[in-house]
Amino acid sequence: MRLFWCPNVLLLFCMLFGVHGQKCGRYYQNGGICVNYKSNEDYVFYAKGQNILSVESSFGSLAIAQGLSTLKDDDLILNNCVQAFSSFVCATAFPSCKRMEELSAPNLEVEIIPPCKSTCTNVIESCVTNSKNASAETQEIIKEYILSHIFFPRDCNGNITTSPPLNYEYPTEGCNSSSQLSNRPKCFKPLIEDHKWVETNKSEITSKEFCRNGCCVPCPQPYALYPPNQMKKGFIATQILRILSVIGSGIILFSYVVLPGYRTHPNILILFASLSIFLYSSNVFFSIMDPERVQCATEIIPSTQANNPFFCGLQGALLIFSSLATAIWVGFIILNLHVQTVWNSNIMDDKRVYLHIIGWGIPAILTIIALKTNSINYQFATLCFVKVEASNAMFFYPLVVIVVAIFFIHMITFCYIYWISRKEGKKSNTSFSGSIIRILQPIKIQWRELLLSVLLFVTVIIYWLFYHIELNSVVKVIRNIHDGDWITCIQSGKGQSFCANIVASKFMPYYTLLLVAEIFVSLTGVNLFLTLFNEILWLELNNWIT
């Protein structure tokens, strides 16, 4: 039988080994407060009924001190103090132990390796003596989170603790110096650890935009600036609306393709407008059930057309192309109404080739430009799009020109109707209202197309204003997120909800506002269905099916 040797100074300590109900288990708390001082291979002592998590929950403000120390990695005084205090707390709360395979007596269960006296003296030197030379902010952090801590040693002359198993004086030999094993940062949720920064010993960083001192804002970054799951739940709702838009626009497209009377002018214009809206709404299939495959290339890096060519590049290209095509073909519908009403002409029926060149060519050219300049990436919501810096020139200015042109064609048409009605009424001595009714007959027939164009106009203006004003500021905030109050709030352990409502709400768009903007663009296919699907179309489609 092998006996383990015990120095005389630890005789009392050795008698404590026989206390039943004590446990010598592995430190398994990955990402815990003591992760830099205890490895998963280390055996640590704790009492029956406790576990690693319950012990660390009693450490209180130490986690906050570690979080602020991570944020201020260049503050040597603060870092030395936090590291010394963390080492001390972890050494005393989790004293190292060894399992005895062969015991000389049935009561002897474990051999505990107590912390060295140096772990105590280092804390006092780093947090009391050296902190006198620190900045006022650093002194305030040390005072609030360390010096007032219940675990902070007032001196190193008494017993380590006042309760077993360390109710004796600090040893200087045969003890655990509790040296730092790693440099893993303390990152409070929603921040995540920068593995590259840890693995390269702080020499490399995963992302300069989203990572700092080993902590990163995870992708998708905008989600972190709102309460947990709020953005996710909101965008699930808008994705459901997009699916309904796919179904609605698909029904209209199918009807206009299979029914012979709808493949002639001017209904052929509605057919191609329906095709554009169907392609636009179909973007949802890239992100349905798993938006992050579109939003993120890795857990930190957002998607671009370069690092995620299919889910981001192709989806973004389709979104740009179909959005512009939708506006142009709806514009053709309104232009045709104007030509018929004002000029009493069907000239657009004879110019179909030119319509296709314009209707598909302009969107294709602008989409190719966006792809060639690597301008497609993820920045907000659930889809990739033209990056904010290039969005006006490549997308919104052409789109707004088209939509404004539609609006002016509306105005010109109605002004003409009013003028011609007044003129003909005077010549024929008929009432003004009678002339209006006769002139408005073409518009009465195509009121659905007019309503569709108005809805498109409102949608584009609302989303453009949101994208241009609100999203532009959001992108700037996210790119400088590590220099603001939000990151300090998070690393102070106040939680994502608190920091979102108190800090981020000062510079982020209202959740209701961004949801309204997304709902408007998600309903495009639904609007198409509600304005164009009627009883006559249903009867003709039903006859074709039967």
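Cβ coordinates are placed from backbone N, Cα and C, and glycine is handled just like the others.
Annotation comment: TrEMBL describes 19-127 as domain 'FZ'. On the 0 to 100 pLDDT scale, the domain 'FZ' (19-127) averages 81 in the predicted structure.
Annotated domain 'G-protein coupled receptors family 2 profile 2' per TrEMBL: 234-495, in sequence order.
Positions annotated as signal peptide by TrEMBL: 1-21.
If you look up TrEMBL, you'll see 240-259 (among others) marked as transmembrane segment.
Annotation comment: TrEMBL describes 268-288 (among others) as transmembrane segment.
Residues or ranges marked as transmembrane segment in TrEMBL: 308-332 (among others).
If you look up TrEMBL, you'll see 353-371 (among others) marked as transmembrane segment.
Residues or ranges marked as transmembrane segment in TrEMBL: 395-419 (among others).
The annotation transmembrane segment is assigned in TrEMBL to 450-469 (among others).
If you look up TrEMBL, you'll see 510-533 (among others) marked as transmembrane segment.
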Folded-back contacts onto the transmembrane segment (510-533), same chain, C-beta under 8 angstroms, at least six residues removed: 226, 230-231, 234-235, 237-239, 241-242, 244-252, 255, 270, 273-274, 277-278, 280-281, 326, 380-381, 448-449, 451-452, 455-456, 458-459, 462-463, 466-467, 470
Listed stretch, out of 240-259, 268-288, 308-332, 395-419, that has the most CB pairs under 8 angstroms to the transmembrane segment (450-469): 395-419
Within-chain partners of the transmembrane segment (308-332) [C-beta distance under 8 Å, separation at least 6 from its ends]: 269, 272-273, 276-277, 279-280, 282-283, 286-287, 293-294, 297, 348, 355, 358-360, 362-364, 366-367, 370-371, 376-378, 383-386, 394-395, 398-399, 402-403, 405-406, 409, 452-453, 456, 460, 524
Chain residues outside the transmembrane segment (268-288) and at least six past its termini with a C-beta under 8 angstroms from it: 239, 242-243, 245-246, 249-250, 252-253, 256-257, 262, 294-295, 311, 314-315, 318-319, 321-323, 325-326, 328-330, 332-333, 336, 348, 352, 355, 359, 382-383, 449, 452, 524-525, 528, 532
